[in-house]
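Working notes, beginning with the structure itself.
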Amino acid sequence: MQKLKQQVFEANMELPRYGLATFTWGNVSAIDRERGLVVIKPSGVAYETMKAADMVVVDMSGKVVEGEYRPSSDTATHLELYRRYPSLGGIVHTHSTHATAWAQAGLAIPALGTTHADYFFGDIPCTRGLSEEEVQGEYELNTGKVIIETLGNAEPLHTPGIVVYQHGPFAWGKDAHDAVHNAVVMEEVAKMAWIARSINPQLNHIDSFLMNKHFMRKHGPNAYYGQK
């Protein structure tokens, strides 16, 4: 688990580096599916003092199996997503400014251009709000459930992120670093969409044929972007 703990530590340290986290906000996790264990950031520990050894290992029920600290308060959300979507290898939650603004507005981040289409196949959805009963009950677990409710049976790696109404963004990927990469992109396209709609409030979505081209050339069966 030491290698995975190091990877998760490095991915968490990318959050303040890319301007996605202030103070102790944000958390990254990764899963070892063979062992059924998840490594996640400890709750409330400052990035300035955090070490790889501080990462917390939990089983799929949330029980701590390794680590001196309590795991992130969002652990139950991460675990629910891992249970539902086997393709996920890493998950990140932030309160990055522009993506969170769309979450607070209760709006999906619209697909307006090719930067968005390179990573997200369509709008980045916004969940419904949680009921008072859902918040007062198992809040973090129910946050995971409302994300799953919104995504349904869609392949999560085709839209590797979501904004939770009145809360903030979650992103995911093949591993922890990929999840952070997608979170960075989500913040950038959220900012671009806000600026573009400010310039032209009547702006429509990207043409579907252009979106399809950009997404498929990176992620489709005949993808040709980048090096083999």
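Residue numbers in this text run from 1 along the chain shown.
Each Cβ is built from the backbone N, Cα and C atoms, and glycine gets one as well.
Keep in mind the model is a prediction, meaning the values are calculated, not measured.
For D118 (active site, proton donor/acceptor), the number of other Cβ atoms no farther than 10 Å from its own Cβ, over all displayed protein chains, is 17. Annotation source Swiss-Prot lists active site, proton donor/acceptor at D118 (among others).
Under the heading active site, proton donor/acceptor, Swiss-Prot lists Y225 (among others), citing sequence analysis as support. In the three-state DSSP scheme, Y225 (active site, proton donor/acceptor) is classed as coil. Non-local neighbourhood of Y225 (active site, proton donor/acceptor): R217, K218, each in the same chain, at least six residues away, with C-beta under 8 Å from its C-beta.
Counting only same-chain residues at least 6 apart in sequence, those with a Cβ under 8 Å from the Cβ of G26 (substrate binding site) are N12, L15, L20, K41, V92, H93, T94, H95. If you look up Swiss-Prot, you'll see G26, N27, S43, G44, S72, S73 marked as substrate binding site.
Secondary structure at H93 (Zn(2+) binding site), taken from DSSP and collapsed to helix, strand or coil, is strand. Annotated Zn(2+) binding site per Swiss-Prot: D74, H93, H95, H167, in sequence order.
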Surrounding CB atoms that lie within 10 Å of the CB of G44 (substrate binding site), all protein chains: 11
Candidates D74, D118, H167 (recorded positions) - the one closest to S43 (substrate binding site) by CA: D74
DSSP three-state assignment (helix, strand or coil) for S73 (substrate binding site): coil
G44 (substrate binding site) and D74 (Zn(2+) binding site), distance between Cα atoms, whole Å: 11
